[in-house]
């Protein structure tokens, strides 16, 4: 999934240009204060690149899931269409200003910001209000998305996407604007995200372990099915583990279980065996009779959960086993917590996995990738995020990428001019499943693909023939 086939911001001319940057500033806000600015900080390199090169930035983002007004709705007497205080980006504007060390203008209506954009000078920054205040942003109708995109595109000259977190959305700001402008470039964050996922999906250092957790097997079916053909080890935790354990005939007490997915769990375990993937499930558990915090939760001595109890975290023996598995690997990708880590009494398993990955990365060169969402939050809370190779900003996007799906927000970006032998490697941008034929340079051929191997063979044969003829001629001359 290397960006060699998509143009990056380094390929764009931004001097004296107004650069529309789609960022993902969907950050947690409480009482008007941002509680985690990781996504904002992650976008800074792209913003700073434009400012340094003599361009101006027009930042576009969403926050939350506001209801959204229609473009055709009349403007209210006070305020702007679609406005919801809980989803305003004003606090984000203040935080970006602090991080950049300069004033950031704020346009209170993203579709009535032409006057703000026209006043921009080189090295200025403008943040538009939440693009989801308009329903057209995520409309299922292409013509509605395009109508909004045309307005936004009129503000700028160049489009850059740095919003991997929404790359799985076909929206006005992700796919509509680059379509209107006729070009789209990847920002540094987008580039980093795709390059890391490319390595882990196409040609990772081995052994490779996938650590999968969360509540439901049904949420991870496609991920598991797609990854089983790529990994060496599968570590399962979280509530979804108990569907697998019941499928194996284990007692799970009153732990969460998807009864209608038991056959699916059996099928996935069988498929793992057929593909020589070693699966690890919890061997002990931290339990309680209710779904709430406890001063002294029960820690089981066996793999079975007692009647009347629900498992809410993995136990100490399981932690040790999972740490050992991670320790023997060269690559690890993590998607989903091991327990209810939001409650301190059930956080040890999740934090132990985070620590094992962080330590492995720093001391043993482990390539560690956190697949966004709850896993990213857990890595931050544990203090291990800084030690990982990569913590993704995209929960849903990373999940769909791991499932082998197309990411519209990546596919729309402009192709880079490359030689014919690289042009067919579409999976590099999440637009198909990898195959040795379609992606020879990244799918296992040590010489870079069958076509290249054939060319090398031709050259070697020609050299051998030349040597043979040369020797025959030399022999004749000597005689």
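Each residue, glycine too, has its Cβ placed from N, Cα and C.
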Binding-site annotation, Swiss-Prot, Mg(2+): partner of 215, 219 in 37, 73, 374:
374
Swiss-Prot CDP site partner of 214, 219, 336, 341, selected from 238, 315, 360, 365:
238
Round to a whole number and give the Cα-to-Cα distance in Å for the pair residue 375 (ATP binding site) and residue 336 (CDP binding site).
5
At a 10 Å cut-off from the C-beta of residue 25 ((2R)-3-phosphoglycerate binding site), count the other C-beta atoms across all protein chains.
25
How far apart, in angstrom, are the most distant Cα atoms among the ATP-binding residues 215, 220, 239, 311, 342, 374, 375?
21
Roughly how many Å lie between the Cα atoms of residue 25 ((2R)-3-phosphoglycerate binding site) and residue 374 (ADP binding site), rounded to a whole value?
17
In whole Å, how far is residue 62 ((2R)-3-phosphoglycerate binding site) from residue 341 (ADP binding site) when you measure between their Cα atoms?
27
Can you tell which of the binding-site residues (215, 239) has the fewest other C-beta atoms within 10 angstroms of its C-beta?
215
If you measure every Cα to Cα distance among 23, 24, 25, 26, 39, 61, 62, 64, 65, 132, 168, 169, 216, the residues said to bind (2R)-3-phosphoglycerate, what is the biggest one in Å?
30
